[in-house]
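*Asks:* The following block contains the structure, expressed as structure tokens.
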Amino acid sequence: MDRRIVAGNWKMNTTLREGVVLAEQLSQLVNRIPAGVEVIVAPPFTHLTEVRRALNPRIMLGAQDCSSRAQGAFTGDVSAEMLKDCGVEWVILGHSERRQYHGDDTPTLREKLGRVASVGLKPIFCVGEPENIRAQGQQNAWDWVAGQLKLLRGLGDSVLRELIVAYEPIWAIGTGKTATPEDAGWMCLRITRWLTSEIGEIGGMVPVLYGGSCNAANAKEIFSQPGVSGGLIGGASLKPEEFVSIACSF
Ligand code: PGA
């Protein structure tokens, strides 16, 4: 896998002003990142337009979710088309925090993937097992992840070509507990194998990122694992120096 990708998920952090400052700081540092590394940041919805203005064009804009509906009476929702209009390229879907707190189940995620695809946005689809499943061993963790991946079977080639999968074990997100580089690599490779056998050659080309307490100290070892194309970074993406240092860890 020759793509190298670092995506920052800001979650529900920063005021608008802080978000713009963060975008400006990242833009000043971005030249340190080796050419060819794809860099994405996903700020809160309210910041998208201003952050886009502040970002060096080398950094792509992402959103953290989108509505499963196209438009209409869905109070509080933000549609894929609205995101596209703000200059968003990527949309994180299926993050465990959305699955846990907002009921993003399989049918909802299928709808969301369809919406994203219909307006030409690119999904970053998250999968990952909870702690109790991981405690039952690697095979159980894999079975869980494979269950989540099934949703990707129906996607058309145009979406698959732009898809990123992020393996984020839930017990590692925001906890400071990271999967061992070997476990992260094993799972990412397994995902690629599954995508190849279930979807075909195009599935095997999909980059697979690791996410979960990834930081400047552990990124190099994780990214060096075969099968890992980079990281989806939460907490550490709020610190510009650290995020850039992670992006330099290939
Ligand atoms: P974390 O979050 O890096 O803070 O663990 C990762 C994520 O949820 O995308």
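Cβ atoms here come from the backbone N, Cα and C positions, even for glycine.
The model shown is predicted, which means the values in this text are computed figures rather than measured ones.
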*Asks:* Which of these, Ser118, Ser197, Ser213, does TrEMBL say binds substrate at the same site as Asn9, Trp10, Lys11, Gly174, Gly234, Gly235?
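*Replies:* TrEMBL lists Asn9, Trp10, Lys11, Gly174, Gly234, Gly235 binding substrate, and from Ser118, Ser197, Ser213 it also lists Ser213.
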*Asks:* Give me the Cα-Cα distance between Gly235 (substrate binding site) and Glu168 (active site, proton acceptor), rounded to a whole Å.
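*Replies:* Approximately 14 Å lies between the Cα of Gly235 (substrate binding site) and that of Glu168 (active site, proton acceptor).
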*Asks:* Can you tell me which of Asn9, Trp10, Gly174, Ser213, Gly234, Gly235, our binding-site residues, come within under 6 Å of ligand 1 at the Cβ?
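*Replies:* Cβ < 6 Å from ligand 1, in sequence order: Asn9, Gly174, Ser213, Gly234, Gly235.
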*Asks:* Cα of Lys11 (substrate binding site) to Cα of His95 (active site, electrophile): how many Å, rounded?
*Replies:* 10
*Asks:* Please report the distance from the Cα of Asn9 (substrate binding site) to the Cα of Glu168 (active site, proton acceptor), rounded to the nearest angstrom.
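*Replies:* Cα-Cα distance, Asn9 (substrate binding site) to Glu168 (active site, proton acceptor): 12 Å.
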